[in-house]
There are 2 protein chains.
Amino acid sequence: MSEPQSPEPALIIQGDSPTGTRDEDAADGIQHSHRMLSFSDALLSIIATVMILPVTHTEISPEQFDKSIQKLLATRIAVYLMTFLIVTVAWAAHTRLFQVVGKIDDTLALLNLACMMTITFLPFTFSLMVTFPEVPLGIFLFCMCVIAIGAVQALVVVYAFHFPHLLHPQIEHSAHRGLYRQHILGIVLRGPALCFVAAGFSLFFYPLSYLLMATVIFLPYVSKASSWCKGRLVGPQEPPAHSVEFFTFDLHEPLSKERVEAFSDGVYAIVATLLILDICEDNVPDSKDVKEKFHGSLVAALSEYGPHFLAYFGSFATVGLLWFAHHSLFLHIRKATQSMGLLNTLSLAFVGGLPLAYQQTSAFAQQPQQELESVRVSCAIIFFASIFQFAIWTTALLHEGETLQPSARFGGREHAFMFAKLALYPCVSLLAFASTCFLSRFSAAIFHLTQIAVPFAFLLLRLLVRLALAPLHALQGLSLPAHRSEGSEDDARAPLLPSAY
Amino acid sequence: MSEPQSPEPALIIQGDSPTGTRDEDAADGIQHSHRMLSFSDALLSIIATVMILPVTHTEISPEQFDKSIQKLLATRIAVYLMTFLIVTVAWAAHTRLFQVVGKIDDTLALLNLACMMTITFLPFTFSLMVTFPEVPLGIFLFCMCVIAIGAVQALVVVYAFHFPHLLHPQIEHSAHRGLYRQHILGIVLRGPALCFVAAGFSLFFYPLSYLLMATVIFLPYVSKASSWCKGRLVGPQEPPAHSVEFFTFDLHEPLSKERVEAFSDGVYAIVATLLILDICEDNVPDSKDVKEKFHGSLVAALSEYGPHFLAYFGSFATVGLLWFAHHSLFLHIRKATQSMGLLNTLSLAFVGGLPLAYQQTSAFAQQPQQELESVRVSCAIIFFASIFQFAIWTTALLHEGETLQPSARFGGREHAFMFAKLALYPCVSLLAFASTCFLSRFSAAIFHLTQIAVPFAFLLLRLLVRLALAPLHALQGLSLPAHRSEGSEDDARAPLLPSAY
């Protein structure tokens, strides 16, 4: 059979992938890893966030808010936080691994799925651990999971180095390939080795196991933070000449910006979706109730749930706009450093808590006493989620030459506007929090209406920033003509802008 | 302040985006829409799938499986299917819209978020509609949502045509821009107009509203199917000369392959994650129970849940491997046509049903009578999910010149292997279904072990295909030397391979 002519379609809108080299590879069963990585990102971000559902499903009626409920709630929040933390650590390790392994084939894709399966099992081990802290089975299972993940990742490394065309080209053609392999295996197996010891101790002296587990989870963060502090204090050290290329894969390489974005998108998307799930499960009135209580009037029955819908739209607007701020921020970021990645994780952990805020403000909408409380919790969650976004921006400004696009740097055209955008949510939530302290009664309804009104603030923001900058530009135009995008006097003005809103 | 020097980092692994033109655009607040589209894909795929959760949360104890529970279950399944259908229609419309609008700015990003918010509210209107079919409020709210979505999309179109640099370059520079706008507005507002009429009728004669609603949902599919049939019967018509460019945006353009992949990834990821959620919520034993029933032995308490864990790993393996097959398939696809998109949607709808299958097989694991039933349901769901994937492949082969990479076409090197990969799941599930009919007792445990064993079948598959093809290649090598990638005799052999497994 002869090769059929491939007719060019009249108008292809969105880019087909370049077929040339890709097809060559596909013929050997070798694939670019892009789609597998997005799938892994989606899976990991969802698993990190979805553990907030058991927290929001905890039924609390205000009368019987006793010890056992408090304990259950605390347990579930602890599971959520631990899951979020460990999944982000696993995600970072996954990112690093697949920066080394540039292409995949079927075996690697299947190994990756095995790795994902083990990671999705981690939340269960946490549930066990937190429910039965004195029984060492939970920690034993956790350690087994980590060892399994490490084993699969080590297999991936060995396999990829056995078929070097799967590696990133720079390593494939490096003379030190053997050294690389040693080094990467070391990184991949460090955690599992600690967990192996912990699993051993869990059988006769489990408190030590908890200590070792904490080391595994926090070590990456602690080592990063300490090396950062050291770098600040001593100044950047010159690494030994032969190992420059070598250690680039460990601590100093930037995170893949694309994957940070994909992971964040997943978290925001699942949080936005969990909200409607609650609405659909709980807020459809029972047909018996409608007949008996409301004389068959569905509208009357639904108006009971009015505050829930307001809370839903308010929360969705907040999640959407936090995503929007994140999106604008990363649009101006060239490269994400490790510390920015860490701040992003913290911000996302609070975004994941938003369904809890929604639950709080909608469940307690009737009780005026606890209404203030729940509005405060919501404000706090939103404040922390947005302030960590702001911190990403501040950190990026520290090394703006490397990390930011020119237009967003000090004096760039978008600088002041970005500042205002990112400062909007911290300011609004702080204001709302403050008003709950001064006013004796701050209605949840007002809070949600504020949430819904914020998008318009975003739309007005550009206008306001332009207006505020106009006189400065005019002054500047008088003194030195035609220097549009480098007006350094704007900097001092920029921090004042958010309060103009 | 002078522009700081941007030091080149020693080794950047994964591609930073090309900064040149992008930064120019970012400075004007204009952005490539890539990330917003992935976020929308993630959101829509999750919302389409997550409505299966209320279905699996329906508590059915085998004793009291009475009418009211059956009705509740049927209601929730109906909500799931309707949501899935309407969200995929909305997603397709969104895809088409943002094939026309190539870039976004802040206003468009916010409008898109508003559109997403309205879409996430649709499941609630379905819940109302299905719970109170005789009250017209549900359909009225549904129509309002569709009208709101249409209004937002029309705003997007008007805004983008007002700032033509946001449009796809081909339209931006077209002479018929006005005509395009008319046409696209027509497409966007067609559904909402119908819904407006339906909303009117819902106030005094609601059955007609349901009819109109069904038209809105099914019209795209019906019109596609009928035009396809017509095309088959009459042969492709020559469109009038001046409108070739014009109608390309409506019916004949291919779907964006990237977005089809992103949407599918989202569905697979959320399905894989919903499984562990059930495990964590339901399978952590109560500490009182452990003390009283199991004399404090956590291991004994957990072994009660043994079948659940087996079911979890089996289901995860199935979801993962269906994703893997999908991934392999789309690796060889160059361009996704509308009919392939439709088949993909159908496949995904069944994938979304997998948590139900998991629930069935794990909940009824103890009752041998219903065990067979539930294994059958699972087999049916898996069979349909995989057979529609196979149908995508068959459809692609019909126009292989346009739709497939050369290596996957008839006679290509990967052709036989792809065939075997995609036929594996239909065959295995059919076999399992058949064995439930012949055997009086087919244990759910065996079923789950089969599920876990399938990955190894995938690994062996390549070997088996190679072995089966080797004698043919040898024969071929004797008759005509050196024709590696175009062995046309392989074709006849390929369909036989799956049964070799």
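Using N, Cα and C of the backbone, Cβ positions are placed for all residues, glycine too.
Unlike curated records, TrEMBL annotations are generated automatically.
Feature annotation (TrEMBL): of B:362-381, B:402-421, B:482-501, the stretch labelled region 'Disordered' is B:482-501. Contact between the transmembrane segment (B:110-132) and the transmembrane segment (B:39-57) is present: at least three CB pairs lie under 8 Å, with pairs separated by 6 or more positions in sequence.
Contact check: the transmembrane segment (B:77-98) against the transmembrane segment (B:184-206) gives at least three Cβ pairs closer than 8 Å, residues 6 or more apart, which meets the contact criterion.
Below 8 angstroms of C-beta separation, residues 307, 310-311, 313-315, 317-318, 320-321, 324, 361, 365, 375, 378-379, 416-417, 420-421, 424-425, 428, 432, 497, 500-501 of the same chain, each at least six residues beyond the ends of the transmembrane segment (B:445-465), sit close to that stretch. When each of the listed stretches B:39-57, B:138-163, B:184-206, B:380-398, B:419-439 is scored by C-beta pairs under 8 angstroms to the transmembrane segment (B:309-330), B:380-398 comes out highest.
Long-range Cβ contacts of the transmembrane segment (B:419-439) within its own chain (Cβ-Cβ under 8 Å, at least 6 residues beyond either end) map to 321-322, 325, 328-329, 372, 375-376, 379-380, 382-383, 385-387, 389-390, 393, 447, 450, 454, 457-458, 461, 464-465, 494-495, 497-499, 501.
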